[in-house]
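As written in TrEMBL, here are the features:
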type	residues	note
ACT_SITE	R163	active site
ACT_SITE	S241	active site, proton donor
ACT_SITE	E349	active site
DOMAIN	17-187	domain 'FAD-binding PCMH-type'
Amino acid sequence: MKLQENADLTSYNTLRVPARAAKLVRLRSEKKLKELIKSGFFESDTLPLGDGSNLLFVKKNIGSAIKNEILGSEIVKETKETVLIKVSSGQNWHELVLFATKNNWSGLENMAYIPGTVGGAAVGNIAAYGQNQEDVFESLTAIDLKTGKLEKFLKSDCRFSYRESIFKRELKDKYFVTTVTYLLSKTPQYDVSYHSRYESLADELAKVATPPYSIHDIARAVTALRQYKLPDWNTVGTAGSFFKNPLVGKRQLKKLLNAIPELQYYPAEKLSYLPPDEMGNDSFQLKVPAGRLLEELGWKDKKIGNVGTFERHALVIINYGGTGREIYEFSEMMREDVKKNFGIDLEYEVRII
Ligand code: EPU
């Protein structure tokens, strides 16, 4: 464990926002955390911190933060068909995806090249290209930050929904996730049907590999798409999608389609766009891409002062050296514009602190 006081958090959030923590603990073991809690070390609110890839610090100063550096993984159970793997929460998510795909274990490949830790992936219930974290999730363990007790949470306890879990809501900053267990398949069912106005996973796969395709080839194709479509978080201040894709009813969708005829949309709980005749009946709530709405209003490749949006994706904010407050104000302008023009309230996907 390493302790820093009045620590600069600029390099601990991918938006590269300058903020400070009164106490920053870089944590390597579960045991140490239990000891710290029991000794009363954390006096105030404590922020569990993964790679900070979905965070916007608007406050300049926060209390305590615990940077998750707990590493390791173990296979809990293996059968002919499945592998149950328990992974420490500080492990890098993409490294886990590569480890799984190289072993031909399926369930994570479409979620390749997402920044962040395994703990962050569970808390934020990440998803991409038609695959969801929650679909392979078995359970997690987490330490109660008040009592120091280790508890197990099954899938139903986590209340996963679109980019949400109980740890982002009711239990926000109440627990520190220590391990996540995933059930992966040894008999892969490929899904490369994802396509948008600019990209097709199936086409990209054909570019990067030759049939018969492996799970690892899919991860490589997803990586190539993401590297093109999103800015590199190692060199540019970014947090990926800034807002969630909004839900709309059929009537509202009709209006939107009048304004943007080629707008893609999809059933609320799916992540893939379907042809209109597969969309089902009128009761559907539909999700539309916030990026497309923002592009329509001129928010793609826009820059105001120290903040802007990416040249290839309007939902992705870039920090060119601004403060958290400047980024927040820029994002509120985007929200107000969407509200004014389309009557839609965009919800933040990033966590604002
Ligand atoms: N689009 C535009 N202009 C833009 C951006 C997007 O027209 O500036 C259109 C695209 O052509 C497409 C649609 O909007 O028709 C959707 O775009 P895209 O395929 O890029 O996906 P998204 O809905 O913007 C979501 C997730 C991403 C995830 C991708 C792929 C959310 C908020 N974002 O993005 O997740 O990688 O799907 O599955 O749900 C993240 O959460 O940080 C993230 C990057």
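Note that Cβ sites are derived from N, Cα and C of the backbone, with glycine treated the same way.
Residue pair E349 (active site) / S241 (active site, proton donor) shows a Cα separation of 7 Å. In this structure, the C-alpha atom of R163 (active site) lies 11 angstrom from that of the residue listed as 'active site, proton donor'. In three-state terms derived from DSSP, E349 (active site) belongs to neither a helical nor a strand segment and is classed as coil. Remark: S241 (active site, proton donor) has A290, G291, L315, V316, E349 as non-local neighbours, by Cβ distance under 8 Å and separation of at least 6 in sequence.
Mean model confidence for the domain 'FAD-binding PCMH-type' (17-187) is a pLDDT of 96.
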